[in-house]
Amino acid sequence: KAVQLGPRYGFILFIVSEVMFLFAFFWASSHSSLAPTVEIGGIWPPKGIGVLDPREIPFLNTLILPSSGAAVTWAHHAILAGKEKRAVYALVATVSLALVSTGFQGMEYYQAPSTISDSIYGSTFFLATGFHGFHVIIGTLFLIICGIRQYLGHLTKEHHVGFEAAAWYWHFVDVVRLFPFVSIYWWGGI
């Protein structure tokens, strides 16, 4: 038990550092939207910049990621209960939802009416959502590895620190999704 505390504390500090990193991107977006400069016409989003409707794919993606968070919690409870197959099914559900979310993010980028070089709106939009999307991909890989390890019987209710780290990371990813939805999609799109 005592040996497992070091990796847990270390991973918590890693997640806190990632929160600060993402906070900087959302701060840039919020600052630019609350105090638009004269260079962009003093309005947000800047004149001539098309934005995505937050009630379409962005909203759907905002529902999918917290749902995947519920699935990873289901997997954790299954591991603690010693139900190996149920944990594998829950991890398959989590990874499936993550892949759907990543696919929707790709569709969103393909359909986006602006680019990263259009203005401060495009820059903050693509940087913040892209950085979050990168975290989704990393978390998905993390969960795939945990799913394989669970399938092979490596995770037990006593020894699953790696899975706990993956679950914490995934909850970080699914909770953080609310911030770009509110600060970038909703605030910038309506």
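Cβ from N, Cα, C; glycine included.
Curation does not apply to TrEMBL; its annotations are automatic.
Listed features, source TrEMBL:
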- 1-189: domain 'Heme-copper oxidase subunit III family profile' (DOMAIN)
- 9-28: transmembrane segment (TRANSMEM)
- 57-75: transmembrane segment (TRANSMEM)
- 87-105: transmembrane segment (TRANSMEM)
- 125-148: transmembrane segment (TRANSMEM)
- 168-188: transmembrane segment (TRANSMEM)
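Cβ atoms under 8 Å from those of the transmembrane segment (9-28) belong to residues 124, 127-128, 131-132, 135, 165, 168-169, 172, 176, 179-180, 183-184 of the same chain, restricted to positions at least 6 beyond its ends. For the domain 'Heme-copper oxidase subunit III family profile' (1-189), the model gives a mean pLDDT of 92.
Within the same chain, residues 86-87, 90-91, 93-94, 97-98, 100-101, 104-105, 107-108, 111, 136, 143, 150, 163, 166-167, 170-171, 173-175, 177-178, 181, 185, 189 sit at least 6 positions outside the transmembrane segment (57-75) and bring their C-beta atoms closer than 8 Å to a C-beta of that stretch.
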